[in-house]
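Visitor: Got a structure here, written out as structure tokens. Questions coming.
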Amino acid sequence: MSSSCNVGASAGGGGSVVMETSNFAHVIFQNVGKSFLPQAALECHYTLTPFITPHPKDWVGIFKVGWSSARDYYTFLWSPMPENYTEGSTVHRTIIFQGYYVPRSDGEFYQFCYVTHTGEIRGASTPFQFRPATPTGEELLTVEDDGNSDILVRVEEVQQECKELQKALRLLTQERDQLQEKQRQQNQELQKSLIEEKEEAQSRVRQLEQDLLKITQKAVLKETELDCLRDKLQKVISERDSLQTQLKNERDERELYKSHVRSAELENTKLSAELQMLKAVELNREVTIAQYQEELHRLRTERDTHPAETGLKEQLRQAEEQLQATRQQAAMLGSELRDASGGRDRTMTELYRVRQEAEELRAHLAEAQEECRHAQDQLDRMKNQTSQEMGRAGGGVGVASELEAELQKEVEELKLRLNMAAEHYKEKYRECQRLRRQVTKLTQQQETQQGDANRNDASTETTLELHTPDAETPSESYPAEIKTVARDVEKSRDEEGNEQEEEDEEEEECSLSVEAELACMEEKWREQCTINENLKLLLANEEKRFKTQVAEKDREVSALRESLVVVTKEKERLEKQYMREGTTRSRRLEVREPVVLRYPLPYPQDPPPLPLVPQQPAELQFGNPYLEQETRDGADGALSPEQTCRPPPLAPPPWGGPVVCSQPSRSLSPPDGLENPTEERPTGGDGEAPAVCEHQSLESNESHTSFCFDTRPDVHKQCPLCEVIFPPHFEQSSFERHVESHWRVCPVCSEQFPLDCQQQLYEKHVHTHFDGNVLNFDNFD
């Protein structure tokens, strides 16, 4: 039913009014008479029905019958705002028009109209006139004129007025009949539509109540699941905190191990330098001992020929004292060497223990990540179920809103960024695999982490809006019963008018009861919708909060994963560096030091006498007594000067297990039954020591080039590659480091590569030493 109102009036024929069905019944004017006194105070009584909401700017005006808009008022008064007004209630109000505002007696018809602040006319009264009171018989005057004729005053005026009123009455009666017929038809249609709307609303309310009950039950179940997930999340957070604490402890231990490694490196460097120096001293002392022994033998042979026996005895005693001191120094050097080997073994044991603790930490982190992934999967399943159930409860919900589209776009962007991060992680992971193939367990855990990184932890939220049906409350217009103007017509139509009024009152009461019931149902529906909206908001807030917590947890786990990767890489680098240094130290320690003989030297019985010269050549004239001990066990043999300059072995022996254990120094002397090919040693003149040999095995020549360095302190050292000359007293270790800097050395087999060698070839060679097992060096080149 339309809520607009139109009032039309025809100016001709005494101002007859044609009114259509409108909203004029929203304000009902009461006790409106047929006429009022002009220039006198006028009371206006009206009732505000529940279909109108009063406003302080509403007003009541006096309009001439035939007005066309709200601006055609004669005068008006503001409608007072009722006190303690309740929406939907009926209010009775009264206003008084002062006498100087009331129109004069002009024979026109007027009516009250209620105008809202928006300019809509929501109520109109029956027409009335402003005229003086009807004169009685006593008020009639008889006037005698010159023709002695009596003239009745006001008779003609009254007769004319009576004719106009009768004509207006006929028009109003016809209009009333038409309006009554039209009203009956509209009432029937309205009643039918109200019944249909009521039944539809009731069925809709029942359906919504059932849906609300189902949603409430499901919300309780989801709340229970959320509580379980919160408990699991709390456990994961506690485990994460413990892992963080453990990681912090590991970092502290790593720093401590770093400091220990640095101190051990410094100590090893110092011990290596001392060992080289002691080896050089020992070699010099060995040569000196041989010289003294030869001199002693010569002196014994000349003792019979020289009378100065006392001087010879003194020289012999001094030589024996020097020999004893040399033996003591050799014993001290052996003790220091054993201490250095024990320190190396302790350092390797600590490094292995650090590796085991790192593996345990990685296992704990993998378990925590698996629990996080399981909790995230449960949360995703719960969100999908909630979105599907909310979609079914929403009924005919339209397409997703713009907010959904924006959220979907953000989710796609997050997925793209996650994929890019996963690709970057894959590259880093492949690089780590190339550098460390021997750690199988760590590889499997990293592959599991790679699979977890591709998982999408972003879910799409669906916003459902329940649209409440707009129950269009129909409005009714009940035109007031037109009363008769003349007393004679009023008496004849009195009974019919009373019956019509009773019928109108009954219909109005029925309509009001139906409207009140509909209003009550509408109010209940609004309350239910409010409750549903509140439940949806609570559920959405809870899901958002849980999502935020899960995202924070994921970020923290990612940070822990990144820090663990950094720690792992740092530890691998330290392990490789320490392994290279340990391998280098082990190769240096494998060169056995000369052993002092326990038994006297087997001198020849009849050597030719030789004169004593001030500077005896370094080479023994009777041969090296140690070369005759080749048939002895390799453990008791000593190194010849040729053997001392041999390069270290290409690779350490294979280890039986991953445990770093202390290995005894290996003897480089040949086994029993084999002959060690000797090479001629050129002798130098004028007291020069024999030149250093350049022994290289055939295998060494095929694989790489090794250098033998002259350790004599009185010879200028020259780099064989860059031809840089160093002073005689330049440190031997610094000179060796300078020569080795021209090459890239394999950290496992010490094979040398030129600096311009391709990186891929160098890495391929290094990788060939590993087969994926920890500390397995069986596949050395």
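Along the chain as shown, the residues are counted starting at 1.
Every residue, even glycine, has its Cβ placed from backbone N, Cα and C.
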Visitor: Which range is it, out of 203-229, 257-283, 743-769, that shows up in Swiss-Prot as zinc finger?
Guide: 743-769
Visitor: Out of 68-94, 338-364, 581-607, 716-742, let me know the one Swiss-Prot marks zinc finger.
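Guide: Going through 68-94, 338-364, 581-607, 716-742 one by one, Swiss-Prot gives zinc finger for 716-742.
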Visitor: So, in DSSP terms, is His769 (Zn(2+) 2 binding site) helix, strand, or coil?
Guide: coil
Visitor: Can you tell me how many other Cβ atoms are located within 10 Å of the Cβ belonging to Cys746 (Zn(2+) 2 binding site)?
Guide: 22
Visitor: Over the zinc finger (716-742), what does the predicted model average in pLDDT?
Guide: 80
Visitor: Taking the Cβ of Cys749 (Zn(2+) 2 binding site) as the centre, how many other Cβ atoms fall within a 10 Å radius?
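Guide: A count of 21.
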